[in-house]
Every structure is written in C-alpha cells, then in structure tokens.
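This report concerns only the one structure given below.
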Amino acid sequence: MRPLMLQGHERSITQIKYNREGDLLFSCSKDQKPNVWYSLNGERLGTYDGHQGAVWCLDVDWESRKLITGAGDMTAKIWDVEYGTVIASIPTKSSVRTSNFSFSGNQAAYSTDKAMGQSCELFLIDVRNADSSLSEQEPTLRIPMTESKITSMLWGPLDETIITGHDNGNIAIWDIRKGQKVVDSGTDHSAGINDMQLSKDGTMFVTASKDTTAKLFDSESLMCLKTYKTERPVNSAAISPIMDHVVLGGGQDAMEVTTTSTKAGKFDSRFFHLIYEEEFARLKGHFGPINSLAFHPDGKSYASGGEDGFVRVQTFDSTYFENIFE
C-alpha cells in the first residue's frame, strides 16, 4: 500500500478535495497557490495563480468546470478549472474561511471571518453566468452571524438549505429562501468544529472537532447518531462511499507541535467503523498534523493533506475490502 506523495506546496495544506469523477484532486495551502493533480499517478496538472494570501478553502463544481477558492487576501475567486484563469474575483471585508458550490452549480456560498472589526457573514452568489461583473454585483443573500463564526459549511438537499459548523461547536441549518435559521444542534460539540463532510447519499455528515471527537449527524434533524473518540483534536473526517468506515485525521494544534516523529502516533489517519464506533486501523505518514482528508469517490483510495505541505494518496489493499468487522 505504497502512497503517492504529492509535493507542490511550500506551506501547510489547508484543504483537499476530489472532483465528482475522482480523476482530479484539488489542494490549497497557505502558500497562495491552489494546485490540481491527476489522482491516478500524482501528476501535477496545474496551478491557480492569483491569490495574495493563504488560501483557506476550495470547492469544485459538479461538472469540474469551475473552482471556487477563498483566501486571506480578502477575496473569493472563481476559476476556470481547465485553463486556470480567474473568471471572477469577489472582494470581501475579511478573510474567506469557507466556500462551496451548490449541487446544481447555479449558486455558491462563502463565509467571511470575524476579524478586523467585521462580523462573520454568510454570502450566497449566483454563478450561472459568472464573469468579471460578479465582483460589482450584490450577493443574492447575506446572513450576519451574531454568535460564533462559521468554520465549515455544507449544502443541504435540493439546494434549499445550508448547514454551518461554528467555532463554539454549534451546528445550524439555514433556509436560504427565508434567510433564517431553521434547526440548531445545541451543544453536541464542546469546542470548535474544524471540518464537516457529507456521506455519499447526503443523508448524514461527519464533523471533526477540537473537542477530540468526530460525530455523525443526521443532515435533516441534526440528531447526533454516532461519536468517534480520540485523544487529540480532530482536524478532518470523511465517510467512505462504499464501506461503513470513517477516517479521522488530526494531531495537536500547529503551534503546539514540537516533535516531528511519526512514531508517536499523533499524526496518523485513524479508521473507525461507522456503526460500531470502534477504531480498527491506523496509517502513518505525515510529519505533523493532518489538516484535510478526502475519500476517492470510488472508495478504493483516500488522500490526506498535512501541516508538512505534502498530500498523500493511499490506495487500499485487497485485505481492506475483505476485512469483515465482527
């Protein structure tokens, strides 16, 4: 099970994401330049050059035509995936922390940080006819976050709702037609949420939190279904599209890391059974915390992006699929 090591970033990885078919893997980091890789052999296909600050988030649309990125230079940019050109650059008043295309690809949502006297806000834009004029247009929806800033975000079914994860551990569902909150999870997590990822059918999602747990939620009622416990903050978690498995990645906060030993087990990818909540495997590799995880859409491999600036793509052995959990 030899991993592909993708080395194209000079600083730590902030997010990685596969497109729908899984042939492309997108990565962004604090070095200002998102990359796109051919996931089969790890070849770098291109770089999206244009941001002036750390890129915090990215998402690719259903057809792999458009890419949206959000960065610390106070812009969200929409790119042409194939040509690497900027279609639109949208100025904001603080760093863009999350960005996602809707399933239809007609809309995109992004959220800004609570910083420099600005409150955290959630924005919706229409990207059907995205061009340079998008920077002057008003967003179709703008929701100020009065309590805690958004740290991760997902689109709900039929593009009618947005699920937000917050810095205080709250999760909320927003109706985008009414522009108001419809469901609040309360305090299932006791610390900030670092990442949220949907299951393949969208009926549930997994959260990764600083409170050292990952949890499985129903995406309509926000009922907590399962809890996966670790000893360290969880930075990212993903659900396998074909097996009842969840992978967790994390480690200490970046500023608390003093050792770079891979033997300590701090920086492993940890596999849990989705239903039984039991850990059954660990994979070593990164010299530092794992910041982002993603399963390949076919479920036969997964990728991890770390604080060490590497993206590792691991293909599973046949024993992984034959292993019956008892």
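Glycine residues also receive a Cβ, built from the backbone N, Cα and C atoms like all the rest.
Note that the structure is a prediction, hence the values are computed from the model and not measured.
What Swiss-Prot records for 8-47 is repeat 'WD 1'. A Cβ distance under 8 Å defines the sequence-distant neighbours of the repeat 'WD 1' (8-47), meaning residues of its chain 6+ beyond its ends; these are 53-60, 62, 64, 67, 69, 71, 73, 81, 84, 254, 288, 291-298, 301, 303-311, 313.
Tertiary proximity for the repeat 'WD 2' (50-89) is limited to same-chain residues at least six positions away from its ends with a CB under 8 Å from its CB atoms, namely 11, 14-15, 17, 19-21, 24, 26, 28-34, 36, 95-101, 103-105, 108, 110, 127, 130-135. Residues annotated as repeat 'WD 2' in Swiss-Prot: 50-89.
What Swiss-Prot lists as repeat 'WD 3' is 145-184. Across the range of the repeat 'WD 3' (145-184), the DSSP-based residue counts are 3 helix, 22 strand, 15 coil.
Taken from Swiss-Prot, the feature repeat 'WD 4' covers 188-227. According to DSSP, the secondary structure content of the repeat 'WD 4' (188-227) in residues is 0 helix, 22 strand, 18 coil.
Residues or ranges marked as repeat 'WD 5' by Swiss-Prot: 285-326. When DSSP labels each residue, the repeat 'WD 5' (285-326) comes out as 5 helix, 18 strand, 19 coil, counted as helix, strand and coil in that order.
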